[in-house]
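K.L.:
I have a structure here, written as structure tokens, and I will follow up with some questions on it.
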Amino acid sequence: MIRTHEAGTLRADHAEQNVVLAGWVARRRDHGGVVFLDLRDASGIVQVVVREDELAHDLRSEYCIKVTGTVRIRPEGNENPDIATGEIEVVASHIEVLSESAPLPFPLDGNQEISEEARLRYRYLDMRRPETAEALRVRSRATYIAHEVMNDNGFVYVETPYLTRSTPEGARDFLVPVRLQPGHWYALPQSPQLFKQLLMVGGMERYYQLTRCFRDEDFRADRQPEFTQIDIEMSFVDEEDLFDIGEKLFTRLLREVRGVELPRPFRRMKFAEAMDRFGTDKPDLRFGQELVELTDFFANTPFRVFQAPYVGAVVMPGGASQTRRELDAWQEWARSRGAKGLAYVLVHEDGTLGGPVAKNLSEEERAGLAERVGAKPGDAIFFSAGERTASQELLGAARLEIGKRCGLIDESAWEVLWITDMPMFEKDDEGGWTSVHHPFTAPAQEVADTFHNDPGSATARAFDLVMNGYELASGSIRIHRAEMQQRVFDTIGLSKDEAETKFGFLLEAFQFGPPPHGGLAVGWDRLVMLLAGQSTIRDVIAFPKTASGADPLTGAPTPITAEQRREAGVDAVPEQATS
């Protein structure tokens, strides 16, 4: 073998041992004829002392080398407590260059700011940086733990196809041409949803998979066209069973990766309550500043803007001290989110109200507003008025922005909860109904017989798991009865013929005694991001793509040649069936 020890594993009890190490030159320092090298491998860094100049004469940063030498205790006063090998050093007797390195496009040591484009272009170099390497190791540890949890709870790991048929799941499919059947296409799965339900029909009962999913979505920050999720499905269960396995997984991960003990059972909050209090279905509970509804308070207001179906407010502590430019910036912030603006009132130190909105309020409203919303002298009150959901969402986003700007968020806290009683349907762009989760989600038991009569108020047996403001898992109890499934299809405007064309294989399977079943999927990239203490999922993916879906490393996506296009049958039109 090339080496006898890993560099980062050497300690004082290795003193006087002869060792052979291999790794990269992380740093070189010359001191009066003696050269000090920081030798790095995957295990860490060790200092190598080179007393013969010819051994290190040609060495440069990131040369890959093999070092033969003797471990010794560092001279007193030269210890380095910042590294695990800081008590010792290796005195080199021989150095072999295994491979040389070209000049680096960016430094790998220190805290220099490096553009993300450069990091992704040279991802293999970025991985040599401790922060990137540690994030990937956290992902590996978390993956191992997840497999242990699922195995300990009797789950069977089953791989589902990556080449399947296109089915409507809310986003566009990535399509793959079939060379042997010109004009026909596979689709890469947006999720294994249909296959995992078929596994329940097949009697597997407890299935899980760490799987890749593919969605051809519009460009969005911190989204990837391919991503990983832990997919779980169980037969003969209700919501409590799904909550139980989800909590077992999350508590074990937080305990073993971060040393954090999450109390069980996790908190639960209905969707409607989350929207009313926080303006979002993924509330960050690490700080307060809850929304306050003022619809009744302004029921008789002379201010036309507040004569709306919903009026709400959120308080910004100390916000009255903002400059006019800062307050104007809030308006731009709101407009960037599709709102007309963000009305505000400033609470002066004497308790009087200022700002453009204050003069439009009645004397009674001005007198009682601060107390109603819990504002103190020096605070600012932001308002949103209009349609309920849109107004709440704007205030929810403002609340989060306030938390960040005012330093209200406890970055050391871990707040997790289940959001339950999710809406079953929502309006689409054409004014029809569409499923919020997917069309196989079961309705709440109290509306099981009537949901089709009033889709807008129907709730589903669906839930999300939220941690620190991030949705990390989503699940539901599924429909397993044909009559109920058809009513859902009818509600979303899917005819029997269309349903048969798109989901016929699943509907056929449901004729053979399907069990009651349910499941959930965990967004693995985002969960690992939190576990690793990173701010973007790109930092916990080995070879991520940019927000525009590009891969700076390989140059993907790329055009294909005319020959590839012809051979794949990209332009072929399938023969139409004749009657």
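Even glycines carry a Cβ here, placed using N, Cα and C.
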K.L.:
So which range, 177-180, 193-196, 421-424, gets flagged region 'Aspartate' in Swiss-Prot?
P.N.:
193-196
K.L.:
Among GLU159, GLU273, GLU290, GLU471, which residue does Swiss-Prot name as a further ATP binder in the site formed by ARG215, ASP216, GLU217, GLN224, GLY523, TRP524, ASP525, ARG526?
P.N.:
GLU471
K.L.:
Swiss-Prot tags one of 58-86, 348-376, 551-579 as region 'Disordered' - which one?
P.N.:
551-579
K.L.:
Counting other Cβ atoms within 10 Å of each residue's Cβ, which of the recorded positions HIS31, ARG215, HIS437, ARG478, ARG526 comes out lowest?
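P.N.:
Output over recorded positions HIS31, ARG215, HIS437, ARG478, ARG526: least Cβ neighbours within 10 Å is HIS31.
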K.L.:
Who are the chain neighbours of the region 'Disordered' (551-579) in space, where the CB to CB distance is under 8 Å and they lie at least 6 residues beyond its ends?
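P.N.:
Residues packing against the region 'Disordered' (551-579) from afar: 117, 120-124, 177-179, 181-184, 543, 545.
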K.L.:
Round to a whole number and give the Cα-to-Cα distance in Å for the pair ARG526 (ATP binding site) and HIS437 (L-aspartate binding site).
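P.N.:
Cα-Cα, rounded: 19 Å.
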K.L.:
Nearest by CA distance to ARG215 (L-aspartate binding site): which of the recorded positions is it, out of GLY77, GLU471, TRP524?
P.N.:
TRP524
K.L.:
What residues in the same chain, six or more past the boundaries of the region 'Aspartate' (193-196), come closer than 8 Å to it by Cβ-Cβ distance?
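P.N.:
Contacts with the region 'Aspartate' (193-196): 160-161, 164, 167, 169, 207, 209, 231, 233, 438, 440, 503, 505-506, 519.
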